[in-house]
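A.B. asks: Grabbed the feature section from TrEMBL, which reads as follows:
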ACT_SITE  Asp148  active site, proton donor/acceptor
BINDING   Asn10, Glu383  Mg(2+) binding site
BINDING   Lys17, His206, Leu207, Gly208, Asn209, Gly210, Asp279, Met280, Arg281, Gly327, Ile328, Gly329, Glu330, Asn331  ATP binding site
BINDING   Arg91  substrate binding site
SITE      His180  site 'Transition state stabilizer'
SITE      Arg239  site 'Transition state stabilizer'
Amino acid sequence: MTKQTVFVINSGSSSLKYQLIEPVSGEVLAKGIAERIGTDKGEITHEANGEKHHDALPLPTHKEAFTRIVEMFKENGPDLDSANVVGCGHRVVQGGWYFRGSAVINQDTHAKIVELCDLAPLHNPAHLIGIDTAMELWPDLPHVAAFDTAFFHDLPTETQTYALEKETAAKYHIRRYGAHGTSHEYVSGLVCDHLGRDDVKQITLHLGNGASACAELGRKAIDTSMGLTPLEGLVMGTRTGDIDPAVVFHLLRKGMNVDELDTLFNKKSGMLGLCGDNDMRDVWQRCQAGDPDALHALQVYLQRLLKYVGAYTAELGGLDVLTFTAGIGENDPGIRAKLCEKLAFMGVKLDPERNENRDRAAEVWQISAPDSQVMVLVIPTNEEVAIARQVLSLI
Ligand code: ADP
């Protein structure tokens, strides 16, 4: 029998990313992205069989993008009709108080994702466009929503609760929902598989343009740095992370409005706001040239990371494994080395050679020295494969 495959979709407001995945092996048979949807200057890049195919065309809506993507599969392979696609997985940022795992999309699930737009106004509406378009195109296929928050649905009550007056919190569903859950669940699960233990005291650091830390006891999250939205926590590419909420009151009183503040905190702050660059490779280049803003931004970034690792080690009552993942976590030996240097007090010791020369083919790559008291790992995250596997287990 032909192997089963899953079509995974990550729909943004003006983009649509997709992968055709064989979930058991994790093999990616094709992937691509449609960009600038909503304009007459749309672009699609489709990768299959080691080749990249581009097309430029007007893409007024997600529907035209989808239709063209399916045509590109016909023209360049693999043939979707014979690919034995058994389901379609949709990434959804906010699953709110409803979802503790992924869910088959039916009328009820759909209505809940719509209701949760209130909590994720930038993300859930864009995901819904992708969901609706794909369901219209493939009505006979099961469609599954995989939520970024699901891994954190059952956080211990003391870590999910803000010390906000409880009636207001209840009325507006204000709690810590977390984000990047698919990634933290996947990576921490691999750590448990790797060690053959389910009681590992571990911290996973998802350091990309967005960044979050998660403390896990075995396969269960006990705390995470993102909150009601992905704004809380670590210093990110363009987001503030933790900041005194009174800064908001102060700036409101100074005349800024809510939308301006939203943009300031989410898009103009973080590394970009501190030094003018949000790509860590550019920040490092400037640091090497002695640029004071870049050096300062790096210090602030590392300080926040250190604080979370320290806090989570205390919450876990010790630390067995620290894992780096995502764009910076996987590719930036400098950040890993600097953080681990600061963690020497708790017996963290890197193997510099392994830190500098990661084997990119390795699913799990140890960078700590054999006599380190904490095992330090690099594990490439793979949210799409994780979603594809969730789809397969549900249908
Ligand atoms: P997201 O999914 O949040 O957009 P990624 O996980 O793809 O982000 O990470 C993107 C970020 O990773 C870039 O903005 C850049 O800062 C960082 N990055 C990628 N490659 C490297 C590298 N070789 N060295 C340092 N940082 C890198």
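Just so you know, the numbers here start at 1 and follow the chain as drawn.
Each Cβ is built from the backbone N, Cα and C atoms, and glycine gets one as well.
Unlike curated records, TrEMBL annotations are generated automatically.
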A.B. asks: Among the recorded positions Lys17, His180, Arg239, Arg281, whose Cβ has the fewest other Cβ atoms within 10 Å?
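C.D. replies: Selected from the recorded positions Lys17, His180, Arg239, Arg281 on minimum Cβ neighbours within 10 Å: Arg281.
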A.B. asks: Checking proximity to ligand 1 here: which binding-site residues out of Leu207, Asn209, Asp279, Arg281 have their Cβ closer than 6 Å to it?
C.D. replies: Asn209, Asp279, Arg281
A.B. asks: Measure from the CA atom of His180 (site 'Transition state stabilizer') to the CA atom of Leu207 (ATP binding site) and give the result in Å, rounded to a whole number.
C.D. replies: 10
A.B. asks: Check the Cα-Cα distances from His180 (site 'Transition state stabilizer') to the binding-site residues Asn10, Lys17, Glu330 and tell me which is shortest.
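C.D. replies: That would be Asn10, the closest of Asn10, Lys17, Glu330 to His180 (site 'Transition state stabilizer').
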A.B. asks: When the Cα-Cα distance from Asn10 (Mg(2+) binding site) is computed for each of the recorded positions Arg91, Asp148, Glu330, which gives the smallest value?
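C.D. replies: Ranked by Cα distance from Asn10 (Mg(2+) binding site), first place goes to Arg91.
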A.B. asks: Let me spell it out: for each of the binding-site residues (Asn10, Asn209), count the other Cβ atoms within 10 Å of that residue's Cβ, using every protein chain shown. Which one has the most?
C.D. replies: Asn10
A.B. asks: Let me know the most crowded of the binding-site residues, choosing from Leu207, Ile328 and counting other Cβ atoms within 10 Å.
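C.D. replies: Of Leu207, Ile328, the one with the most crowded Cβ is Leu207.
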A.B. asks: Calculate the distance in Å between the alpha carbons (Cα) of Glu383 (Mg(2+) binding site) and Ile328 (ATP binding site), and round it to a whole number.
C.D. replies: 16
A.B. asks: Say you check the Cα of Arg281 (ATP binding site) against those of the recorded positions Arg91, Asp148, Arg239; which is nearest?
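C.D. replies: Closest by Cα: Arg239.
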A.B. asks: Here are some recorded positions: Asp148, Asp279, Glu383. Which one has the most Cβ atoms within 10 Å of its Cβ?
C.D. replies: Asp148
A.B. asks: Which value in Å gives the longest Cα to Cα span across the ATP site residues Lys17, His206, Leu207, Gly208, Asn209, Gly210, Asp279, Met280, Arg281, Gly327, Ile328, Gly329, Glu330, Asn331 as recorded?
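C.D. replies: Between the most distant Cα atoms of the ATP site, 24 Å.
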